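Asker: The following feature annotations were taken from TrEMBL:
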| type | residues | note |
| --- | --- | --- |
| DNA_BIND | A:35-54 | DNA-binding region |
| COMPBIAS | A:189-200 | compositional bias 'Pro residues' |
| DOMAIN | A:13-72 | domain 'HTH tetR-type' |
| REGION | A:187-209 | region 'Disordered' |
DNA sequence: AGCGAATCGGAACAGGGCGTCCGTTTGCGC
DNA sequence: GCGCAAACGGACGCCCTGTTCCGATTCGCT
């Protein structure tokens, strides 16, 4: 089964690779709102080449974040296999939020995907996360009034952190997630567990909300 | 002391009023990233008129959110007068977040202001909030490892909610803030206090992060 | 009413981004 | 090596957005 790619010319394959790498890096650093030319430049190709491989910006974005989406699925898999549902539940939130903090475009891609594409994957994940939620409640660790849709709340909130510079965002996200998870426990510890240390949060605004 | 405005022509005053109202409404609904033309249209004036009253978009934004900033100062005043520092502390967070949820541009204006203009006001508020924080810790209600800068964390996180449609954002913000405040208590209740009810969160994406 | 100056607003300018066309270059099978 | 189809990339058109120009209009004073 000679797939589509292997019958293309070698330089075309190489360029496609360069483009996806450039796209990944650029989207991660600056979000989705970067000129296509910037990605082309970074990949060392002309704009036309970029457009020959990906007919539209949306297509490039979809391809670029397909792997991240795959990682989400894997994270959910692992969480559902975890014998401790609360631990699995927390790991999902932590992993997704970590990815958001590291990759600025990921949040935007996630939020779009909630309404646009990836419908299949999204629904599947939603059902599985709901199951994880159910088990975590049943085990008595997750508060009963949590609803699976609250994951969107957490994702959007954590996404807001992405407006900061990448380095600051990582630390800030960890602190935020720790706070949130504490308040999701059915029986919070007293005194509460310590938080990850604070870090200066100098928002380097290239984003306008 | 005949101020600048009253010596201008009546139609000019009226238009200025129309413009600020249009700007307030438009920024609130769609964030700062709206064309100046849209605001002009809503105000029923031409683009040139808009620019005669406000030399640049930034100036319009500054003027538009001056009142909100004023309200922030007032909120802090009230909180510092509150005999219960924890109650005051919570009210600041709740009020600011409520404003963010209702007014989409406010978040962006706040975040810019952290780095750009309003330096005087911001620093003043920061010092006063630090004092409020100190008192809330001293009263034993606020956890000791909270740092005043964490307010930025909360603001940015709550700002992420703004990507949802305004109606959904209000409910979502309330739920998020309730979660966050619970985890800020030095001695969380067991079982934790109930949350505001969940609500569907259909992100109407006109924002790209 | 009549006049001058303040004000208005549509048209135009400048910058930048998305996506396309076309002449040129390059891989690769012979 | 050779030839041709595949692939390339610079230049182009189009649209959107902030901002300015200038002829037409309106206000307000006498």
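Cβ atoms here come from the backbone N, Cα and C positions, even for glycine.
Neighbours and distances for these, please.
Answerer: Same-chain residues lying 6+ beyond the ends of the DNA-binding region (A:35-54) with a Cβ under 8 Å from its Cβ atoms: 12, 15-16, 18-19, 21-23, 25-26, 60, 63.
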Asker: Taking residues 6+ outside the compositional bias 'Pro residues' (A:189-200), which of them lie with a CB under 8 Å of any CB in it?
Answerer: 168, 171-172, 174-175, 178-179, 182
Asker: Could you tell me how many residues in the domain 'HTH tetR-type' (A:13-72) are helical, how many are strand and how many are coil under DSSP?
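Answerer: With helix first, then strand, then coil, the domain 'HTH tetR-type' (A:13-72) has 49 helix, 0 strand, 11 coil.
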